[in-house]
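Student: Dropping a structure here in structure tokens format, bear with me for questions.
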Amino acid sequence: MQRITILGATGSIGISTLDVVARHPDRYRIHALTAHSKVDELAALCVRFRPDAAVVGSPEAAQTLTALLKNLGVPTEVSHGEEALCAVASSAGCDTVMAAIVGAAGLAPTLAAARAGKKILLANKEALVMAGQLFMDAIAASGSTLLPIDSEHNAIFQCLPQPYQRDPDHHGIAKILLTASGGPFLHRDVATLDSVTPDQAVAHPNWVMGRKISVDSATMMNKGLEVIEAHWLFGASADRIEVVIHPQSVIHSMVSYLDGTVLAQLGNPDMRTPIAHALAYPERIASGVAPLDLTKLANLEFHVPDLERFPCLRLAYDALAAGGSAPAILNAANEVAVEAFLDGRIGFRQIDQLISRVMHAATPEAVADIAGLFEQDRHARQLANAFLTT
Ligand code: NAD
Ligand code: MG
């Protein structure tokens, strides 16, 4: 029986994870569920999955949840705040942690899970983008298993020889081919991009996801973050990671080998496939995803990404090349910009402009610890907020 903590249980990935877990009550048990503010939804999940612990974002939310659960007769222990998140991520009560909080807020608990040697199913790419070296060092030191949930990285993992040594040369790998749908604005006239609304930006053609990652997909910052994520997960330099636009999202990514072989992972675009893969690895279990009907597929297209249309992708490659805290600065500026866009405070094209301004104004540094990293994150957010008001 695998005992699981889900960080970000009320989100898109959290709900998909619980869907897979519920299909296999003989294999999985929930140790803890966390949510930032959706107390009613979390209470309903506690009734259904009976976790030992639940964590929310504030003392008020904790009070409300405690009262709700008491009325419902559910004995789940309720706590709140970052320390509590770290506690349920590193608790002796769980073996596996699904890291599915969105953004930098997920870093501390995911790192706590890594230090405690838990099996980590990593959806929270921002944590790895921010703290790549420190995070991978923590994984190596504790000997914990890291399995990618991001569909591209999970696909790449499936196309790599196991055990993989985090060195493409060692395995005769020429390139990692990261596929990208191109999002909702792949063919839209660039001149009209500034008038797109948040609702248009989050309407992804193939995937249903949280709002932040949906905007990231529209700007292709998501793919930029994924390039950095692939760099850390697979030990590949930037020139070995190539982004390929593939609007159908049927091939989830590929690995190209020196002998001319290209291995690809295919499937319907549904996150329950990578989630089930990682939960059961190295076994295979049913995920609820419909089988891929190859005879119903239209043409599969592949294009080179247009960096004029998607400047965020270039900014991410720049941050990876700059190294040190540059990816953390990129990530922080992007989080501020996306939130401002979703709140209607800036237009779509100002997202990349704001990130670019912060990247130019901030000086990336080598960071030795998490405290230094959060300091850089804070500074970048301050800069971004100051630029928003000028
Ligand atoms: P979401 O917005 O649907 O859910 C986010 C979850 O995080 C919620 O449970 C929320 O309560 C929690 N949360 C938000 N802010 C928090 C904070 N400050 N402190 C603690 N908890 C907080 O997001 P999502 O789409 O499920 O994405 C989650 C992560 O997975 C992101 O890092 C995203 O990039 C990654 N991811 C998602 C998908 C997808 O299909 N949704 C695919 C690949 C990767
Ligand atoms: Mg992805």
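Each Cβ is built from the backbone N, Cα and C atoms, and glycine gets one as well.
Remember, TrEMBL labels are computer predictions, not curated facts.
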Student: What does TrEMBL list, out of Gly183, Gly210, Gly224, Gly235, as binding the same NADPH as Thr10, Gly11, Ser12, Ile13, Asn124, Glu126?
Tutor: Gly210
Student: Going by the 1-deoxy-D-xylulose 5-phosphate site in TrEMBL, where Ser151, Glu152, Ser181, His204, Ser217, Asn222, Lys223, Glu226 are listed, which of the candidates Lys125, Lys175 is also part of it?
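Tutor: Checking Lys125, Lys175 against TrEMBL: the 1-deoxy-D-xylulose 5-phosphate site match is Lys125.
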Student: Specify all same-chain residues, apart from the site residues Asp150, Glu152, Glu226, whose Cβ lies within 8 angstroms of the center of the Cβ atoms of the Mn(2+) site, ordered by sequence.
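Tutor: So the additional residues around the site are Lys125, Pro148, Ser151, His153, Asn154, Leu178, Asn222, Lys223, Glu229, Ala230, Ser253.
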Student: Work through the binding-site residues one by one (Lys125, Asp150, Asn222, Glu226) and name whichever has its CA nearest to the CA of Ile13 (NADPH binding site).
Tutor: Asp150
Student: If you count Cβ atoms within 10 Å of the Cβ of Asp150 (Mn(2+) binding site), leaving out that atom itself, what do you get?
Tutor: 27
Student: Of the binding-site residues Thr10, Lys125, Asp150, His204, which ones put their CB under 6 Å from ligand 1?
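Tutor: Among the binding-site residues listed, those whose Cβ sits under 6 Å from ligand 1 are Thr10, Lys125, Asp150.
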Student: What is the total of other Cβ atoms whose distance to the Cβ of His204 (1-deoxy-D-xylulose 5-phosphate binding site) is within 10 Å?
Tutor: 19
Student: Pick out which of the binding-site residues Gly11, Gly210 has the most other Cβ atoms within 10 Å of its own Cβ.
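Tutor: Max Cβ neighbours within 10 Å, all protein chains included: Gly11.
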